[in-house]
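According to TrEMBL, the protein has these features:
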type     : residues                                                                                           : note
DOMAIN   : D:5-322                                                                                            : domain 'FAD/NAD(P)-binding'
DISULFID : D:Cys42-D:Cys47                                                                                    : disulfide bond
BINDING  : D:Lys51, D:Asp308                                                                                  : FAD binding site
BINDING  : D:Gly179, D:Gly180, D:Gly181, D:Tyr182, D:Ile183, D:Gly184, D:Leu185, D:Glu186, D:Glu202, D:Gly269 : NAD(+) binding site
DOMAIN   : D:346-454                                                                                          : domain 'Pyridine nucleotide-disulphide oxidoreductase dimerisation'
ACT_SITE : D:His444                                                                                           : active site, proton acceptor
4 protein chains.
Amino acid sequence: MQQVDVITLGAGGGAYPAAFRLARAGRQVLMVDPKGVMSGNCLAEGCVPSKAVREYAELSRQASRFGLGRSTEIDLAHIMTHKDRVQRTRYTQHAAELEKLSAKLSLIQGRARFQDANTVVVENDSGTKSYRAEHIIIATGADIFVPPIPGAEHCMTSRDLFALNPTMQSLPRRLIIIGGGYIGLETASILHALGSEVTLLEQQQQLLPGIDPDFVAGLTPLLDPTIRMITGAEVASIEPTTAAVLKVSFRTTEGDEVLAADAVLMAAGRHPVIPEGLEALGVQVERGRIMVDSTLRTSVPHIYACGDVNGRVPLFHAAVGQSLTAARNILGGDRAPMDYFDFNSVPTTIFTLPAAAYVGRTRAALQAMGREAIEAAYVFAEDSRAQIYDEPDGELRLFFEPGSLRLMGGWVLGIDAGQLIGQIGLAVSKGLTARDLAAFCDQHPMASEGISKAARRLF
Amino acid sequence: MQQVDVITLGAGGGAYPAAFRLARAGRQVLMVDPKGVMSGNCLAEGCVPSKAVREYAELSRQASRFGLGRSTEIDLAHIMTHKDRVQRTRYTQHAAELEKLSAKLSLIQGRARFQDANTVVVENDSGTKSYRAEHIIIATGADIFVPPIPGAEHCMTSRDLFALNPTMQSLPRRLIIIGGGYIGLETASILHALGSEVTLLEQQQQLLPGIDPDFVAGLTPLLDPTIRMITGAEVASIEPTTAAVLKVSFRTTEGDEVLAADAVLMAAGRHPVIPEGLEALGVQVERGRIMVDSTLRTSVPHIYACGDVNGRVPLFHAAVGQSLTAARNILGGDRAPMDYFDFNSVPTTIFTLPAAAYVGRTRAALQAMGREAIEAAYVFAEDSRAQIYDEPDGELRLFFEPGSLRLMGGWVLGIDAGQLIGQIGLAVSKGLTARDLAAFCDQHPMASEGISKAARRLF
Amino acid sequence: MQQVDVITLGAGGGAYPAAFRLARAGRQVLMVDPKGVMSGNCLAEGCVPSKAVREYAELSRQASRFGLGRSTEIDLAHIMTHKDRVQRTRYTQHAAELEKLSAKLSLIQGRARFQDANTVVVENDSGTKSYRAEHIIIATGADIFVPPIPGAEHCMTSRDLFALNPTMQSLPRRLIIIGGGYIGLETASILHALGSEVTLLEQQQQLLPGIDPDFVAGLTPLLDPTIRMITGAEVASIEPTTAAVLKVSFRTTEGDEVLAADAVLMAAGRHPVIPEGLEALGVQVERGRIMVDSTLRTSVPHIYACGDVNGRVPLFHAAVGQSLTAARNILGGDRAPMDYFDFNSVPTTIFTLPAAAYVGRTRAALQAMGREAIEAAYVFAEDSRAQIYDEPDGELRLFFEPGSLRLMGGWVLGIDAGQLIGQIGLAVSKGLTARDLAAFCDQHPMASEGISKAARRLF
Amino acid sequence: MQQVDVITLGAGGGAYPAAFRLARAGRQVLMVDPKGVMSGNCLAEGCVPSKAVREYAELSRQASRFGLGRSTEIDLAHIMTHKDRVQRTRYTQHAAELEKLSAKLSLIQGRARFQDANTVVVENDSGTKSYRAEHIIIATGADIFVPPIPGAEHCMTSRDLFALNPTMQSLPRRLIIIGGGYIGLETASILHALGSEVTLLEQQQQLLPGIDPDFVAGLTPLLDPTIRMITGAEVASIEPTTAAVLKVSFRTTEGDEVLAADAVLMAAGRHPVIPEGLEALGVQVERGRIMVDSTLRTSVPHIYACGDVNGRVPLFHAAVGQSLTAARNILGGDRAPMDYFDFNSVPTTIFTLPAAAYVGRTRAALQAMGREAIEAAYVFAEDSRAQIYDEPDGELRLFFEPGSLRLMGGWVLGIDAGQLIGQIGLAVSKGLTARDLAAFCDQHPMASEGISKAARRLF
């Protein structure tokens with residue numbers, strides 16, 4: 001049985017940053033991943049490829065608005081080629097980085113299960129092999145959740161759109177998306193912009209369930225109104241009919257409805273992938289998530305769980321930050337941690353067209369805690385850059401603690417949301433104040449001016 | 001003679017923020033401006049209209065790279081119409097804001113000169129009138145500097161491009177730009193991208209004189225190599241020839257050269273506009289700039305000078321920040337200031353294609369002070385978003401103080417420079433550390449990931 | 001009727017800092033105070049004189065422990081002379097400062113009542129006079145609360161101890177203190193250390209009602225155990241008997257008890273002094289306190305209320321901070337405030353022997369908000385300075401937000417509490433983190449080492 | 001040859017914090033120290049025992065000023081007994097802490113020399129033994145420097161005063177101290193306060209050579225004027241005469257002088273103790289100091305040098321901070337450091353009577369860098385606590401960067417200097433601003449009020 005210092009289950013965002021850091025610290029590290037490549041679902045079928053497609057839609061939208069011409073027909077296959085190229089470039093770069101540290105770090109393809117608290121059994125085409133390690137990082141991520149709806153097997157998933165050489169190479173004329181979480185909503189927005197006729201069905205009464213309702217209420221009117229979005233929709237079945245047409249039956253409070261589509265995308269959510277054998281070790285799991293504290297340790301101190309598998313902030317960049325925290329705590333000695341992850345200041349961007357983003361504690365979270373806030377907003381209707389880009393809708397909103405004026409949270413609805421949330425998020429993370437934001441001279445004419453302008457309203 | 005509390009000379013970025021703040025504090029304020037509108041040269045012929053044009057070039061460049069089509073001929077008149085619309089929108093908004101505070105605040109068109117330290121004489125079509133005020137803010141901005149070169153009168157200036165209803169309505173086939181400062185370089189980059197054949201002549205040995213040479217050396221190769229840029233070029237004359245062609249004669253160390261062009265843009269710099277009558281008041285002026293300290297007071301305590309006229313950081317957003325500082329110090333009582341402006345943490349973006357930006361103290365400034373720095377860089381070749389946009393060239397670089405790891409400065413060369421500098425600049429402004437930047441989880445996949453990734457290299 | 005810009009009702013900590021700031025800003029300011037001197041009860045009969053007496057007790061305690069000798073009999077009259085001298089020195093300094101600004105600022109002795117929202121009527125020996133002002137700051141402070149107990153009129157109050165030329169010039173042999181708030185407890189501790197036999201009666205079940213019970217539980221055992229402290233004691237009456245002896249009857253759950261004493265100190269609390277005529281103006285008052293937000297404005301925007309009268313943080317240094325905030329908001333224009341007071345980060349020291357101090361949100365407050373904390377403590381038993389001073393009891397305890405590690409609160413029980421709380425409080429005020437505290441090298445061998453040592457336990 | 005993970009040469013402040021941290025991280029650690037106990041010279045003969053003696057002098061001074069009596073004769077032997085007790089208490093506590101980690105950490109008495117870059121040979125009474133380690137921390141401290149003056153062997157050193165069971169058990173009537181560095185000056189001040197007649201001879205023109213001259217100029221008049229302090233004094237010889245009297249001959253610009261004394265203390269400075277065998281390893285040493293960067297690595301990456309031996313900030317608390325930084329960098333992997341020490345923000349207190357303290361960059365350092373500062377001062381003459389303690393001399397002074405208002409440095413001369421420097425130093429360390437300091441409400445009536453009062457002068 002091979003002995004290493006650290007094993008990571010997975011090689012995605014929750015795993016490889018720790019693996020690299022530990023290898024650089026001289027530890028012998030083994031990553032085990034079913035895909036056999038780094039970056040997990042994010043690069044394989046998630047954020048990176050979806051954004052590669054999204055930016056086509058975004059540019060096309062902007063170019064069209066600027067009268068810069070737009071091919072009457074956008075060729076999805078052309079976009080997919082570009083997307084595949086980005087993915088391949090990154091895989092190549094990752095392989096080169098891995099190679100540089102090969103004396104200390106290796107990645108093997110395979111499915112891992114726990115034999116005991118320090119032993120992992122890996123199965124792959126070459127057979128079954130056991131590895132022993134002093135520390136283990138579980139970073140097995142999450143997988144697509146397919147609800148038990150009759151006919152669900154006829155649906156596509158994000159994998160069919162965003163994996164390398166994806167199944168979908170031409171736009172469906174009519175697309176139904178089941179699920180109005182961020183994946184469903186982003187895909188609705190992107191494919192609609194590229195030319196599909198999109199209907200989105202969300203079971204709950206609110207799009208983007210779990211997110212601040214006022215944020216969602218602010219985002220919704222910014223989206224193209226010709227996307228049909230139905231909330232409170234309970235899907236009953238998906239049935240194939242002749243000639244590649246699917247019929248989706250669903251019920252709302254207004255009655256039953258049946259819609260036909262050329263494709264149905266199942267985007268009903270994701271669930272953590274719990275490695276086999278874990279339950280026997282006494283690692284605490286609740287509602288399908290591995291419990292961790294801000295040190296990323298599980299209830300078994302030498303076992304860590306980073307990224308989607310702990311269900312705290314299921315975003316790639318959160319996983320990366322957690323992974324580095326876990327690495328430092330392994331270096332510090334499990335029972336003497338020396339790094340802590342702040343789950344509260346991770347920015348989230350909904351990459352619709354336009355995008356929207358938030359960070360920290362916004363109105364709903366503060367109200368739930370019984371805390372007051374001084375709100376300061378800036379509407380893009382008065383923003384130079386938004387006017388230049390002809391995107392005057394939306395706003396930027398900041399939530400300050402009364403007295404200290406510490407920034408507790410913020411959101412951006414509309415132009416440059418994904419960029420602006422960085423500056424706002426850093427300020428939340430460091431507890432900067434309205435005064436700090438007001439004192440800084442944001443570059444003119446960029447939308448970030450809205451940050452200082454909002455803050456300056458308090459002075 | 002009418003008596004008010006405060007007069008601002010000018011109604012641009014250095015003036016109107018103070019005017020509004022003081023009016024809201026109950027002071028009677030008068031703005032006097034030659035244009036009779038707010039926002040000064042920035043909106044009239046500077047940052048806003050130039051960016052309106054630039055974004056066409058940017059989008060066209062991106063759309064073309066994405067194969068999203070580009071009209072073979074970009075119609076400059078169409079772009080100018082859009083630009084004019086943005087300017088008009090802003091003027092309308094400003095007028096509405098002014099109207100709301102009309103009980104306390106007024107703006108008159110006219111040219112102002114000092115009669116004594118509290119009296120200003122305004123001349124305009126209605127005649128000459130005197131106003132007396134307890135406090136005066138000089139925010140007369142800067143004007144285009146035209147060097148005494150024979151034939152300079154045949155040159156266009158940025159005004160011909162960016163004013164409302166600009167003279168230039170079609171692209172010159174061959175354009176010569178005299179001056180490689182940021183206005184010259186941006187215009188070269190923009191008009192070249194729109195289709196002109198551009199030659200830029202800079203007298204000094206370095207483009208962007210006065211800016212960190214290593215920053216400039218990093219930016220230059222990112223620009224389109226088919227823009228001809230000649231440094232160390234002493235222009236001798238501009239001569240019109242037949243049929244709307246101009247001949248520019250200049251000398252470099254390699255000898256004399258004559259180039260023909262359909263238009264010549266004079267972009268040799270700008271100089272502060274010192275109001276008449278100032279010298280008699282004992283207000284200290286050095287090298288054409290009104291001297292101020294970080295409170296924005298001149299050597300005469302009840303007279304302030306904000307924006308380009310003090311020559312410290314000639315940028316609109318710097319002027320705005322200074323103006324607010326001056327307003328607060330007027331409220332605090334000239335001799336008991338209560339706000340201070342940090343000239344050191346204002347971000348500067350060079351809006352070329354691609355753009356580049358810097359903030360704080362970068363390598364050259366630190367070396368000049370004898371201070372060491374820990375540098376941390378991130379190259380966009382490894383950036384997801386840069387790969388998606390196919391803009392892999394350039395880098396982001398941070399300069400930290402050894403020991404404290406406080407961020408002293410940074411630059412961004414390439415993708416999203418104008419956005420990224422906001423987050424970096426706020427961090428410089430607040431003295432955040434590499435650890436603070438490293439702890440924050442920047443949104444994936446956005447170029448701001450480079451900030452945390454660079455910082456994380458230290459840990 | 002005389003017209004000024006600003007009137008302050010009171011000339012104490014909530015009033016004079018604003019008055020001076022506004023006068024320096026050029027405003028005409030009038031302070032009206034019943035005492036006719038600055039600094040209010042704090043200097044007249046509160047913090048300053050009580051600390052002047054306390055430090056005698058402290059030094060005597062230390063000197064005795066060090067074997068440096070102690071007069072067998074401490075002469076209270078001698079201490080009172082020193083105390084009076086300190087008070088007089090300060091009054092002289094204040095008068096000189098006032099004199100310097102006399103062109104803008106004046107202080108008149110008198111009792112003020114509101115005639116209307118801008119008019120104040122002042123009564124004093126010279127008669128009655130009205131003053132009109134644009135802005136009014138109510139800073140009338142608080143007064144000793146005497147509960148309706150039969151015989152209460154026979155009790156002394158802190159005024160008899162700490163006013164100039166105080167009534168008490170010799171130590172009572174047996175002293176009963178009614179009230180276990182901070183005034184009662186401090187006085188008990190001080191007079192006991194000087195030689196009195198002290199019994200303290202507190203009505204509630206906890207000493208220092210309203211303060212974190214765990215803090216109180218930590219402080220109590222540090223106090224001299226020969227002070228008799230009885231909680232849950234309902235005082236029924238105070239009766240004089242022959243020969244300057246008072247009998248105090250009280251009831252606890254254990255039954256009725258009667259104690260004899262040479263003096264009884266009434267320390268049952270303080271209540272805000274609401275100026276006459278206020279109720280008619282619509283200024284919101286709740287439970288005897290004038291309601292303000294973090295700008296210090298009352299519900300009538302041009303009327304401010306600072307210090308004890310708003311009942312938020314009844315401490316002199318809090319009043320001073322509030323007063324400056326009010327001044328800046330008056331300068332900014334009542335409806336356009338520009339400063340905000342953070343009620344949450346004001347340090348409180350209980351000046352017993354030894355002292356104890358806290359700041360921010362400690363355990364009980366966090367629990368009440370449903371917030372978790374990472375606690376880090378340092379016991380003075382391991383502290384060099386505490387060992388040198390032979391004061392090894394007590395601890396320093398910090399409360400950090402999980403994840404961000406932001407310091408939310410802290411307490412110090414024992415050596416140098418009043419000094420250490422400054423560093424901890426500044427950190428709370430600015431939201432510094434455990435990492436920030438851990439990175440700083442506190443001076444050895446000072447008790448502040450405990451701050452970094454506690455924080456370093458997390459790393 | 002025994003193999004461990006880490007060896008520390010020394011067990012003082014530069015060594016044991018790292019040793020404990022590494023042991024808690026699971027590393028096998030060996031400390032080798034000539035004394036065979038922890039804490040080095042600081043506890044053995046430095047800061048702790050000297051402060052134990054100093055506080056007697058301080059209390060005696062205060063008690064006498066308060067008329068609280070003072071034994072006419074202070075018995076030095078009594079003080080020394082107390083001092084010894086403090087030292088013994090700490091040694092006992094250290095032994096107990098060491099015992100708890102004995103599985104991972106051991107301390108052996110002996111003198112260590114390098115055999116090669118990973119091997120250390122230890123000699124002691126048991127013989128000679130070699131140890132091999134992956135990482136080595138040199139923390140051998142500094143030793144008393146005795147200049148080659150004829151008769152220097154007749155002088156006492158701080159060891160004779162402050163070691164356990166010190167030689168000096170009674171006060172010399174006349175004491176001459178050679179050296180006006182902080183040890184010389186503190187000892188002069190302490191022994192003078194206890195009753196000796198003291199003359200101090202400093203070779204340079206300035207007391208406390210190397211420290212900001214304006215700080216020194218501020219401190220000097222606070223010291224008792226009956227201490228005779230002679231600068232520019234070149235000592236020629238120390239000669240014993242009959243009856244335990246020493247004659248010290250020295251020359252100043254005013255000529256030669258001879259003074260007689262009952263004891264002469266040699267306090268001419270300290271020099272780093274470089275371990276034998278180091279030079280052969282290629283570790284860079286300059287002017288007798290081991291060169292390190294802010295990671296504490298020497299030029300040989302697996303060898304670290306912490307504390308006095310690197311000559312950067314020769315203070316115990318600096319050594320402790322450095323030691324922890326080295327420990328984290330060893331955990332991170334020598335070539336991948338993860339912690340950095342800020343040599344610039346370590347507070348220094350001169351423990352004279354009264355004490356004085358500074359931190360960061362004060363006037364002289366800033367001038368040397370060509371940087372301006374906004375200075376804000378507070379004189380203790382206006383301080384309540386200073387008045388209560390009758391110590392009105394001295395000041396607190398803060399140095400802010402113009403514009404950013406970041407606190408760059410500060411000093412305290414007089415009351416509570418050693419405590420106040422903690423709050424100021426933390427602010428310097430974190431780059432807090434004048435506004436941050438001004439916004440905080442320092443506890444009244446404590447001398448820390450001066451911090452916010454000084455800062456508030458800017459607003």
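FYI, residue positions are counted from 1 along the chain as it appears here.
Using the three backbone atoms N, Cα and C, a Cβ is placed for every residue, glycine included.
Given the structure is predicted, the values throughout are model-derived calculations rather than measurements.
Ranked by how many other Cβ atoms sit within 10 Å of their Cβ, the binding-site residues D:Glu202, D:Asp308 place D:Glu202 at the bottom.
Shown in sequence order, D:Leu200, D:Leu207, D:Leu208, D:Leu223, D:Ile350, D:Thr352 are the residues of the chain, 6+ apart in sequence, with a C-beta less than 8 angstroms from the C-beta of D:Leu185 (NAD(+) binding site). Cα of D:Asp308 (FAD binding site) to Cα of D:Gly181 (NAD(+) binding site): a distance of 16 Å. Closeness to chain C is evaluated for the recorded positions D:Cys42, D:Cys47, D:Lys51, D:Gly181 by Cβ distance, with values under 8 Å counted; counted residues in sequence order are D:Cys42, D:Cys47, D:Lys51.
A coil conformation is recorded for D:Gly181 (NAD(+) binding site) in the three-state DSSP classification, outside any helix or strand. Listed in chain order, the residues near the NAD(+) site other than D:Gly179, D:Gly180, D:Gly181, D:Tyr182, D:Ile183, D:Gly184, D:Leu185, D:Glu186, D:Glu202, D:Gly269 are D:Ile177, D:Thr187, D:Ala188, D:Leu200, D:Leu207, D:Leu208, D:Ala267, each with its Cβ within 8 Å of the site Cβ centroid.
Neighbour density around each Cβ, counted as other Cβ atoms within 10 Å, peaks among the binding-site residues D:Gly179, D:Gly181 at D:Gly179. Of the recorded residues, D:Gly181 (NAD(+) binding site) and D:Cys42 (disulfide bond) place their C-alpha atoms 17 Å from one another.
The Cβ of D:Lys51 (FAD binding site) has 26 other Cβ atoms within 10 Å, all protein chains considered. In the three-state DSSP assignment, the secondary structure recorded for D:His444 (active site, proton acceptor) is coil. Counting only same-chain residues at least 6 apart in sequence, those with a Cβ under 8 Å from the Cβ of D:Cys42 (disulfide bond) are D:Gly12, D:Gly13, D:Val48, D:Phe316. Sequence-distant contacts of D:Ile183 (NAD(+) binding site), defined by Cβ-Cβ distance under 8 angstroms and a gap of at least six in the same chain, are D:Ser158, D:Ala267, D:Arg270. D:Glu202 (NAD(+) binding site) falls within a strand segment according to DSSP. Summarised by DSSP class, the composition of the domain 'Pyridine nucleotide-disulphide oxidoreductase dimerisation' (D:346-454) is 39 helix, 31 strand, 39 coil. For D:Cys47 (disulfide bond), other Cβ atoms within 10 Å of its Cβ number 24. The two recorded residues D:Lys51 (FAD binding site) and D:Glu202 (NAD(+) binding site) have their Cα atoms spaced 23 Å from each other.
Considering only the recorded positions D:Cys47, D:Gly179, D:Glu202, D:His444 (active site, proton acceptor) has D:Cys47 as its nearest partner by CA-CA distance.
Its Cβ taken as reference, the residue listed as 'active site, proton acceptor' is surrounded by 24 other Cβ atoms within 10 Å in the chains shown. A gap of 21 Å separates the Cα atoms of D:Glu202 (NAD(+) binding site) and D:Cys47 (disulfide bond). On the backbone, the CA of D:Gly179 (NAD(+) binding site) and the CA of D:Cys47 (disulfide bond) stand 17 Å apart. Looking at the residues that bind NAD(+) per the record, D:Gly179, D:Gly180, D:Gly181, D:Tyr182, D:Ile183, D:Gly184, D:Leu185, D:Glu186, D:Glu202, D:Gly269, the two CA atoms farthest apart are separated by 13 Å.
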